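Visitor: Quick one: this structure, given as structure tokens, is what I'll be asking you about.
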């Protein structure tokens, strides 16, 4: 056992694990939980990177704009400078032409220093870039003396010293006033000037010096030199020709520094940018013309603009830079920073959410696991309970068995008392364990309902018989009524159904001290419809009959006590029966048709009692296990309170509902519905239906009862036995009924009752009318040959009453209630055979003997190939006094039954080798019909032997192990008269045999 | 429980026969009820009959299963008999085994038949042993 429970526990554990496994449907977030911080870091990095990109993008925009501005400014400055420069150069050019025109081509010269100075001064506005212009004449060394004489000064070097002897001189002869200090200075003596001059006269174009510090101002500047030719040059003059033709040089000094400064001053944005002008003729060593080489500025960004000053040899360029470094772009920084912050926040929020999700999911999984565990524990608990209960039962059975044995032994009264107490306790314990086991089974979902055909009525009878003793002791009226509409046989779980009823009735019996307990069974649809009818009947006031009949009756319930649920009172009940009786055939047909299709039949069962009721406060929890209405209840009445909860579970398992109406001190009515399967009426009826003897069919009875409900119950039981029943409200009425019929035998509706059943109450109350009922009935029936049997129905009866009753004429019998069909049958049997006894002087005390009498002396043939079966069947039949012969095969049977024979019946196995039961029967029937024909034809050989004078027909009963319908059909088809199931059972045998023998011996003998 | 007392011992034996499922209680009681003064040892007589009958049937079955091809139809007949007699005395377990064997027979599963036959024989042997002890004990009671 321990092993078993271990394995169960193991299986539970496995189940739990499986469930866990399947339920581990982690989400994406959950499954990547370890990565969450990494995701966060990654996110932050990405955000930072994106912010950088944004910053750089915005910054690059700024730079481009700045650069564009610089470029345009630089280009603008360069262009202006270049333009102005060119204008000046052009003007100098013009001056050169002026000098050549008026100094050399005119003789004498039209220009002297004065003229030149004045002219240049007046045209100075044309040359804004030039600090001054001067004209130097080309003087060859040979002409120096003449020249010096003519100008009355000596040629001086730049250092203002008399020029040493050279090949050539270029002394300044005309000069603008601004540069008058260079007059007489030999231009060839200055390095830059000399180079300039040589280049100028060779090319014939304006040439520029590299920048140098000018004389006088000491500003950086360049000197512009134009050659002046004294004669017109040939169209494509060579360099020599040019040199030859050179007369002098016109030069001008560009004070670049001041001039550029001046120029820039005129332009907007001057402060912002830094301009440098370079001479880049020698690209490796740019010479600065303007600006400070080392001036602070934004070295990161600069722009170069080319300057063309008209001298192809010299190259110049302007470089512009910003004074200040580009200002940090706060917009870009803030934008990027804000973006980063937002990104950070979003990331953090997402992270937080993810963490939260993970946490919630973790919690969820944990809860789920706990739930599964709890459920498993619950199931395990139920399983454990079921197992343990089961295990307890076995030893308990042993204990009870031993106690039973002990009680059989010789014990002193004290010992007996102890043992009996122990046994009672043990039984109570077993009952409790069974209940717990049921409960646990239901909880463990292990309880499976059977679906077998059973007879509702016999179940109810059984339950009733269970409580008859108790109810009788308490003086309770206990009755059951099953509506005619309820099918005889239904498909369901009889055991569980019985359990529910037993529980409810048991409770009722336990809690009821007076009044009645009434079990009613209807079809649910029908009783529902009745509820509606009820109202109408109230309106019509059509229920006065009952009051008339039973004057003493306070309320029209079974016992006259008030019941909790008024719906179950006589009014409804009567309607219920009335509608059933009005057109029984039609309604049955209707029902048949309406229910033919449906598989199920819903029964409504009410258990009504007039007990202590359930307190209102407790009514909502009485279906809870181990809860009783009141804790004091269990002290008074005992019990665990588990029964109702089990009943509820069972009812629900049977697809029904249970409910109750209860009023304290009035009573409770529990009603529940159950759904049963419909069962094929013909197939199972015979085998399952309780063996109610059918010998009373056709008898007539009068029931004398003042209470209609009770009378109806009596009628119900009698009807089941096939007895026609008339109800009379009182003895007088009954007497009148019988008397009328008795005196006028020839009248049309003559009722000649075989039985008169009188309720004790009616008898006692009606006593004043006729103390000797037998006399009363007998008087009127005096000349009728057959006296009706008088039977008293009583719940409880005292000895005095009994004597009185006997004296009063109820000599036949007293039937103690609760009524049950089988019990009534037994009593009637007794009464009727008692009648016979007087006739025959032979005692037939009980049913078994009755059965014996049926078979006694009968000659029976048993045909079975199986030795053991044959022997058992023979034994069973012999026991009842039959004269049994056995054969082992169909063929042998045929031989035995060769006409004429003396057998009264034949039990035939169906499945036999060579010739089976069907075939044998067929052949027997053939033989019989042949013989019968011969008899009919008159001249028969077997005529003399035919005992009974009528046709040959040997009752042949099949013996079969399977009880399926098809077999039964086939039995009938091949001429058999019935069948008994193997293995033999007494009742079964009785039932089958009774059909053939009963009528004959009883009727024919009497 | 006091097992020393022979009557208890017999009763215990009897109950264990029912409880352990070897014997169908109702059927067996039915059988016992058939005993009366005229026929006091009816149940035992029947059971003895069952022994001889079963021994014969088992022998037959074995023979059939040895021969090839197996005559399943005949096997079925024999099994039917066996089942019938088992259920007559209420030999529940033997009957169940027979039913099982019969199913194999219907499916014409020779291997299954042979296997289940062992089960039948085993159940039969156990039952026989138990019943024999039981009857012996109960007879000794009356002596």
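Glycine is treated like the rest: Cβ placed from N, Cα and C.
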Visitor: Ranges A:21-39, A:40-58, A:59-77: which does TrEMBL label transmembrane segment?
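Guide: That would be A:40-58, per the transmembrane segment entry in TrEMBL.
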Visitor: For the record in TrEMBL, which of the ranges A:330-351, A:352-373, A:374-395, A:396-417 is the transmembrane segment one?
Guide: A:330-351
Visitor: Sorted by position, what residues of the same chain at least six away from residue A:909 (4-aspartylphosphate) have a C-beta under 8 A from it?
Guide: A:863, A:864, A:865, A:866, A:869, A:917, A:958, A:959, A:960
Visitor: With a Cβ cut-off under 8 Å, give me the same-chain residues at least six positions beyond the ends of the transmembrane segment (A:330-351) that come close to it.
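Guide: For the transmembrane segment (A:330-351), the list is 36-37, 39-40, 43-44, 46-48, 50-52, 54-55, 58-59, 62.
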Visitor: Which whole-number mean pLDDT does the model give the domain 'Response regulatory' (A:859-997)?
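Guide: Within the domain 'Response regulatory' (A:859-997), the model's average pLDDT equals 74.
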Visitor: Per DSSP, residue A:909 (4-aspartylphosphate) is which: helix, strand or coil?
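Guide: Where residue A:909 (4-aspartylphosphate) sits, the three-state DSSP reduction gives strand.
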